[in-house]
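If you look up Swiss-Prot, you'll see 68-353 marked as domain 'tr-type G'. What Swiss-Prot lists as GTP binding site is 77-84, 141-145, 195-198.
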Amino acid sequence: MFTKWRIFAVNHQRTFSVHLNTMCYCKIKANLKRLKTQLPLTRNYSSAPGIAGSDVKSLHSVINPPVAKIRNIGIMAHIDAGKTTTTERILYYSGYTRSLGDVDDGDTVTDFMAQERERGITIQSAAVTLDWKGYRVNLIDTPGHVDFTLEVERCLRVLDGAVAVFDASAGVEAQTLTVWRQADKHKIPRICFLNKMDKTGASFNYAVESIREKLKAKPLILQLPIGEARTFQGVVDVVNKEKLLWNSNSDDGKDFERMPLSEASDRELLKETIEARNSLIEQVADLDDEFADLVLGEFSENFDLVPAEKLQAAVHRVTLAQAAVPVLCGSALKNKGVQPLLDAVTTYLPSPEEREDRFLQWYEGDLCALAFKVLHDKQRGPLVFLRIYSGTLTPQLAVHNINRNCTERMSRLLLPFADQHVEIPSLTAGNIALTVGLKQTATGDTIVSSKSSALAAARRAGRGEREHGKKREAESLLLAGVEVPEPVFFCTIEPPSVAKQPDLDHALERLQREDPSLKVKLDPDSGQTVLCGMGELHIEIIHDRIKREYGLETYLGPLQVAYRETILNSVRATDTLDRVLGDKRHLVSAELEVRPAEEPCAVAKIEYADCVGEDLLQASREAIESAVHSACLQGPLLGSPVQDVAMTLHSLMIHPGTSTTMVTACISRCMQKALKKADKQVLEPLMSLEVTVSREYLSPVLADLAQRRGNIQEIQTRQDNRVVLGFVPLAEIMGYSTVLRTLTSGSATFALELSTYQAMSPQDQSALLNQRSGLAHVL
């Protein structure tokens, strides 16, 4: 029956957790009521959501609700806007936790990593499954720190809608812009939640205006605050002309009253609400033709008579079309406004069937899923999060991975509840699942029921099976994967002893599967292992995880900036490779030209002269492209990747019987020759910087940035603070958080994001090369 009891010590509280082994539904149901009285929970870490709550739910309703009742949503925002606190309140009010988790206390459900609870930030996106008023909500809490942008990208890829959380005193901040652009890329409908309305300096109007100006979005005001900062008491429902007031004597925010606004007691508030509602109706009518016809036809004389349900349906359509964004407000920390936010999620955000995924027509109901996250569990092995787009998943099912062209058997199927999971018999389209047994699958892989299913889908998509067609077929069936950003920092990492090197390699291999933004490579000169990451905090977290999870006390070298290289002029080179292996002669001769690319490009552009035979290219194209990309991995100056270059192959002679490996070796050597002959340029990462500082500290901050080669673009006013926007080289901003704290007595904050790579000045480049090699470089 139950395999084991585990006792968790969370914030010095004794918390029991029941782990369910595989059992049929009837056995689970028979034990639910008995367990209900036996679990002395202060927080619900039960494997089955709702298992110990007063309202014990049917396991059938928990597993597979109708698709129209599913909402796959993410919570996204700038760091410290209140994402995790909002998530914890959602969990509590939906009945899946029995006490309120707090970021400062380190006992939140979705921040389950030790580093997250210590630092009070979210590092990995945690999936949580809950029910709200008959709806299934799969909710993902994402990081707000720029070093963990990939986590945001991973979760947005599989969502149908999102809640953007804003600090009402700050409005749109730097990382908000980043995640908003990511959501735009994936065409995700959003609603906005103006959090921290109780905070000093909170301004509803300012926050709404910043959404309009900075995000270029059209806000639809669905709520008005009753008071601001210390006077914040509740919200007004503009659509229904009702006020929601929370009981000040209630500790958890569950006790609130919804009352119609009356002319007698709420004259000014009612007047303001009617104006806001009329404005909302006009906005929505401009954006939705169906609603415009209704309003102009039946209610042109009096907008007050427009039914709330008609207005809600129109707002839903406008949100789905991403023509505008509904705006709500509240204070998650003070337990106000979260229940209406959940209502808005189910009312205005789309179900999976309302999202247009054109590729689904090719599968005709067969299984199609995307792996968007991989974790490692010491007992279970790799845990793969899947978004199911069509078909049904069951345990012991053999599935085909299109990306890796392999078939694996899924041993177990789980429903995710932060770091707790319940085993289930099946899961259908629209849901997010956690699978055990997929050892080859990595982030971004497309999973189907079988290889024959993939080929059948390709035929339905009208793809031929001519030469090279198979590759195009596979590409046409792949779901858009997760775009992995290039790392900007690197450092060496050493195990405590040579004997521990295999253990370190094993740990890094697992961490890379979990986090594709972490790159690990071997330095060819020193033989050292090199970590490449997205920022100082990213590298620090990886180092800490190796110690905590794998018991390895590793040593990090100095943190260094990941530069790029390029060329400034056009150069030709030739090379011949002539080898005899056994009784076989391998002969390749090539001539190529490298030149600066007309447009910036991370990967070298490859072209072929007309004189290069098409038959020769058919057999060798893959080897040629592999050689060029390999040669560009290490530039001649710093060994950094080469970008913004183009290559033209002018001639290629291959002796009959020559292996493609020799073709690759010859082209790669020829490419390296050309790069060495060209005039070379180092490119450094340029970061966009946003510093929020009080007026009295503005001057020292600006003076310090000037010394760091900073280029100030604009200084904005945000309430009583000043916001400095500009660009600064990454090399100049390392360790900046400590400096900024010192300059401003800890009152300022800053955010960084990679903007582009820019050419270094000759003086700075020479100094860098001297520092790296200890020798003067003549370019």
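Numbers here mean position along the shown chain, with the first residue as 1.
The backbone N, Cα and C atoms fix where each Cβ goes, and this holds for glycine too.
A quick note: this is a predicted structure, and the numbers were derived from the prediction, not measured.
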Cβ atoms other than its own within 10 Å of the Cβ of Lys83 (GTP binding site), all chains, total 29
In this predicted model, the domain 'tr-type G' (68-353) has a mean pLDDT of 85
Check the DSSP secondary structure of Met197 (GTP binding site), expressed as helix, strand or coil. coil
DSSP says Lys83 (GTP binding site), in three-state terms, is helix
DSSP, reduced to three states, assigns Ala77 (GTP binding site) to strand
